[in-house]
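Step one of this worksheet: look at the structure below.
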Amino acid sequence: MSAISGNQATKNVHHYAAAQEALTEIPLGSPVVPKRARQPQDLSVGDDEQPAPGDGCGWHFCFSGRCVQHSRTAKWLLFWMCWAAAVQGMVVNGFINVSITTIEKRFNLMSRSTGIIASSYDIASLLVVIPISYLGSRPGASKPRWLGIGLIVMGLGSFVFLLPHFAVPAYEGKINSGTDGQAPQNLCIGPDSKRDNCGSTSDGSWLSDFFYVFVAGQMLHGFGATPIYTLGMVFIDESVPLIQSSYYLGIFSAMSVVGPAVGYGLGGQLIKIYIDAPAVDPVDLGLTSSSARWLGAWWVGFFIAGSLSLLVAIPVLLIPAVVVRKDVPPATRPTPDPDAIDAVTASGVTGFQHLDGFCRSSKELLTNITFIFLSVAEATEGFIISGMAAFMPKLLERQFGIAASSALVDEKILHACAIAVPAGGGGTFLGGWVIKKLRMGCSSVLRLCFVVSIFVTLTCFAFFIHCPDNVFAGINTHYDGLSSMSTPEMESSCNLDCGCTDVAFSPVCGANNVIYYSPCHAGCTHASTGDQKQMFSECRCLAELPGNASGEAGAHLLPHQATPNLCPNDCGFLGLFIAAVAVVMSATFFISMPSVNGTLRCVETENRGLALGLQAISFRVLGSIPGPLLFGIAIDQACVLWGEACGVAGACVAYDNLHLSRYMFALCFVVKMISTIGFFIAWRSSVAVEASKTPLASPTIDATTARAYDNPALDST
């Protein structure tokens, strides 16, 4: 809804494309059923550069010259829709996920809060998907107008999302040493000194209130992006020859995957830029991208995405309501059969014209055991995908000691992104290819889903891969280093008279390779900036906890010095974990096309559209909405120390890696077990249904299969 964990938007495209493919083949002798409703068109028009009256490109009151009419083609429509899909994926499934950790730290948010922010997109989309689909599909409605307005709303959502950055004072990345006449904030200043950081705007106690602004921005993203994957796909389908529809939608689907990949890559590079650059030079603060107090320019990506959304909205709004198809040459076009056209109208397959038809179809679906449990299984897949997309960068940072600024630009993480995108796309393609190659029936498809789901459930054991915790004074080891501890205790004899009660979390790594909550808690009394980095000295607590002075951090420091960085973690399991995640992703996306195919085959033909609609709703309600929230809660449960300044709780500052891996495994395993059970019940119920059907007499059937695009009645509408 992703580079590392996929994307709900891509799943919508797969649903629609699979439905179209399933409805393309109509056995000879069957009633004529329209694949889709098309706008009436003059079949004698051979040059699609000559628009019908009122159907030209542009805004007729100011911008409708002849040169603009050359863009009134299906190819230009696809071009701009691909841009729209790429921008949507870039911001929603790229920049949001990359920025989660930075936003947590900057605005003192819990993981459950950022989980709600991530889920707000699907909540908003769920609220408006039905009215937008209905209003935008009415006769006379202009789909490009809905799409253009949606892009504008999505762009405004990006600008709203970045507003908190400009509404708060500049980030204080440097620890004040008191040499500029101000009282030092994070150093050991003695019991008789008084700090002045509480009660001012710099204490950060009010920053968490911007949570609601982030939710508002994400909901605008959801409102604006909804037309792209509902009306947009229909508009593309209506504007191209029927035989080319799958080709065009396939390109559109590919761009929806490229967007998140670009978002992850570009977002990772932007995080390497200091948050307040260019107004503040991090060199003057003695900070580097590996410093613990470093925060990257998370907001720049949303500015780029918002600007692109508004720019793409302009050509989309220029597209006419009807893009006249450039069909086959007039000499080879079939002559419309009036009787066939009347049969299409008389068949009544034009949607639910009466409430009783809708209620009857809904009842059939809700009493279809195969459909119900297949929908539950698909929803749980969405749960895993959305949760991993939102928190995988943070999990990599916490479990494997990767700094936030480099969590997605480190060479190994770039490899992860390079693996994740083709793993998801390749898994989806392979799933569809296997069905086609083996010519599977409904029960065989569901059996395949069940078997692969068992394998994916076993891959959840990959979450057991974790690194040991760094030595953190006062959290997992006493200051004297003689024993471990279960309850954090930040005070010791070495810092008891430093007045560290109201000091904010600003970790330092001592020469002994031990992490301290702040320079004050390390007993540091002096700070200096030299060689483009900040240094703390006269740290009294380092002598009490010898640690490992031969490590990477201690190799360049004197015994009483510390740096504002996290101590390096020498764990070598990152590559193994990335490979395991790639397997999980590939197998998860492998199931996507077979499950959609199974849905289309386990329901009646006239109920397929409603079935996919109900599955889309259940996918959000049971999957992509609660997924990030519950993943965030699970991560918070592994927190061993919450940041606190001036009596106000903030974001978690230290996690227990063992508990974090166990909570992630438990959540993944339970959800995947539900998915596996759902696929199993759906498979067995489909077998029972097939066995209960009375075998029909073998009629003589022509081996030739009539396709929808060979039907004169359908080709004429």
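All residue numbers here begin at 1 and follow the chain in the order shown.
From the backbone N, Cα and C atoms, a Cβ is placed for every residue, glycine too.
Note on TrEMBL: of 413-433, 623-643, the range annotated with the feature transmembrane segment is 413-433.
Counted as Cβ pairs under 8 Å, contacts with the transmembrane segment (147-167) are highest for 76-96 among 76-96, 116-135, 445-465, 663-683. By the Cβ criterion (distance under 8 Å, sequence gap of 6 or more), the transmembrane segment (663-683) is counted as touching the transmembrane segment (445-465), at least 3 such pairs being found. As a whole-number mean, the pLDDT of the domain 'Major facilitator superfamily (MFS) profile' (77-684) in this prediction is 78.
Take the transmembrane segment (248-275) and the stretches 76-96, 116-135, 210-236, 572-591: counting Cβ pairs under 8 Å, 76-96 has the most. 210-236 is the stretch from 76-96, 210-236, 572-591 with the greatest number of Cβ pairs below 8 Å to the transmembrane segment (116-135).
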